[in-house]
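Participant: Please see the structure below; I have some questions.
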């Protein structure tokens, strides 16, 4: 397993080394489905790129204060099967939160996670979970540096629109826990965004 040889920026044992099986490992949670369909992957990618272009064109009016300034170096993301594989391995653990070591040979990797639950027997569409990350833009103050914003409130948004990020790959699992129907989405991004001394994108 080559992932066992990767030295991550943040240290730790690589997720794809620690968990080699692609089967869910969810203890007392009842797994209903895991993995994303081809259509869901396309929808997630399109949602990311539509939002990045909305920001780039200066059409995002939300913020603290809004609007967000337009960008001059915002490119579309492409889907990475490798990033998606590592994201799926992590999602399969049913542990909400970030794993420690998910980098790949060519670059460090960032991550967004989202979890929704319903007592009705239905699961949110993955695009709805991606939109939860976009909604954090309402708390972003573009008049301040990235590092001066409250990272806990805006970190998913900033990773989504980080201009130097080129690829995304996601994994998903749906399970039942104490009568709650939960959908857990993990997206990995490379190269990673959210470096404290940098900015999200170059403004026009």
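One-based numbering along the chain as shown.
Each Cβ is built from the backbone N, Cα and C atoms, and glycine gets one as well.
Here's the feature list from Swiss-Prot:
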DISULFID  4-17  disulfide bond
DISULFID  8-101  disulfide bond
DISULFID  26-94  disulfide bond
DISULFID  170-187  disulfide bond
DOMAIN    45-189  domain 'SCP'
Participant: Indicate the candidate from 26, 94, 170, 187 with the smallest number of other Cβ atoms within 10 Å of its Cβ, considering only these disulfide-bonded residues.
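Facilitator: If we count Cβ atoms within 10 Å for the disulfide-bonded residues 26, 94, 170, 187, the smallest count is at 26.
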Participant: By CA distance, which of the disulfide-bonded residues (4, 26, 94, 170, 187) lies nearest to residue 101 (disulfide bond)?
Facilitator: 4
Participant: With DSSP, how much of the domain 'SCP' (45-189) is helix, how much strand and how much coil, in residues?
Facilitator: 50 helix, 35 strand, 60 coil
Participant: Rounded to a whole angstrom, what is the C-alpha distance between residue 26 (disulfide bond) and residue 4 (disulfide bond)?
Facilitator: 23
Participant: In whole Å, note down how far the CA of residue 8 (disulfide bond) lies from the CA of residue 17 (disulfide bond).
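Facilitator: Distance (Cα to Cα, whole Å): 12 Å.
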Participant: Which one is closest to residue 170 (disulfide bond) in space, judged by CA to CA distance, out of the disulfide-bonded residues 4, 8, 94?
Facilitator: 94
Participant: Taking only the Cα atoms, work out how far residue 94 (disulfide bond) lies from residue 8 (disulfide bond), in Å, as a whole number.
Facilitator: 22
Participant: Can you check what DSSP calls residue 4 (disulfide bond), collapsed to helix, strand or coil?
Facilitator: helix
Participant: What is the interatomic distance between the Cα atoms of residue 187 (disulfide bond) and residue 8 (disulfide bond), given in whole Å?
Facilitator: 17
Participant: Counting only residues 6+ apart in the same chain, whose Cβ is under 8 Å from the Cβ of residue 4 (disulfide bond)?
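Facilitator: Spatial neighbours, sequence-distant, of residue 4 (disulfide bond): 13, 14, 17.
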